[in-house]
Amino acid sequence: MKVTITDLAIVVTDGERILGLGDLGAYGMGIPVGKLALYVAFAGVNPGQCLPITLDVGTENKKLLDDPFYTGLRRRRTRGAEYDKLLDNFMIACTKRFGRDTLIQFEDFGNLNAYRLLDKYKGMYCMFNDDIQGKPIGTAAIVLAGLLTTLRVTKKKLREQKILFFGAGGANTGVAEMCIRQMVEEGASEQEACDNIFMFDIDGLITKSRSSLWPRHKRFAKDLPPSKDLLEVVQTVQPNAIIGK
């Protein structure tokens, strides 16, 4: 197999949003290890050039904090300037020790930090965020293709469909945004397209009554009663499609 990466490859997480499991703190280490196993198996990267890293900055997972056998920092997550300084020092140390061509993949960071750190570092280092730049684009293209293929049977337009997303992470948000672009291309206004998208996350249906919303979710927030019951939301919304894990 032809080797595609000749310098060190690092996959780093802070464990805040591990797959669909949420905040696992130090227990998120399996993700960097697993991702680098894919580098080895499918890209021919030498295992000796792979470095999995978990930045343990605490956890908001009360179950872990109360677990006497939890091996990570027993404290709530570091935020703000202290967190940013740690990340800055980490990026500087990686490139100083291993070189400017070191590939650094950010994986399973929380939404707020994921986008912010990508914007901050993408022009400074050889880095990317798989959850933002990898899975959402590829997944979105595949999901949209599936929807459009289905609509050949129903002879409807995507702009006429209501879509409920079960999960509101980077991948599903990317799919929703691509669906909106398709609806707009079909003649809908952006607001009309957004009105057809419903997002259901760990706290239930994303509504306008929430005290805080991730900026990318604001346009999807609905003027509906909050609900954590998926079946109730399905009965209320009556979506044409449900997308999620």
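Positions of Cβ are set from backbone N, Cα and C atoms, glycine also.
No curator has checked TrEMBL annotations; they are predicted automatically.
Predicted, not measured: the structure shown is a model, and the values here were computed from it.
As given in TrEMBL:
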DOMAIN    2-122  domain 'Malic enzyme N-terminal'
BINDING   R17  (S)-malate binding site
BINDING   E107, D108, D131  divalent metal cation binding site
DOMAIN    138-242  domain 'Malic enzyme NAD-binding'
Cβ neighbour count (within 10 Å, all chains shown) around D131 (divalent metal cation binding site): 23
Just the number: how many Å between the Cα atoms of D108 (divalent metal cation binding site) and R17 ((S)-malate binding site)? 5
About how far apart, in whole Å, are the alpha carbons (Cα) of R17 ((S)-malate binding site) and E107 (divalent metal cation binding site)? 9
Check: same-chain CB within 8 A of divalent metal cation site center, minus E107, D108, D131: T13, R17, I18, I31, F106, F109, A114, N129, D130, G170
Near E107 (divalent metal cation binding site), which residues of its chain come within a Cβ-Cβ distance under 8 Å, counting only those 6 or more away in sequence? V11, V12, T13, I31, P32, K35, N129, D130, D131
Under a three-state DSSP reduction, the secondary structure at D131 (divalent metal cation binding site) is helix
Given the binding-site residues R17, D108, which one has the fewest other C-beta atoms within 10 angstroms of its C-beta? R17
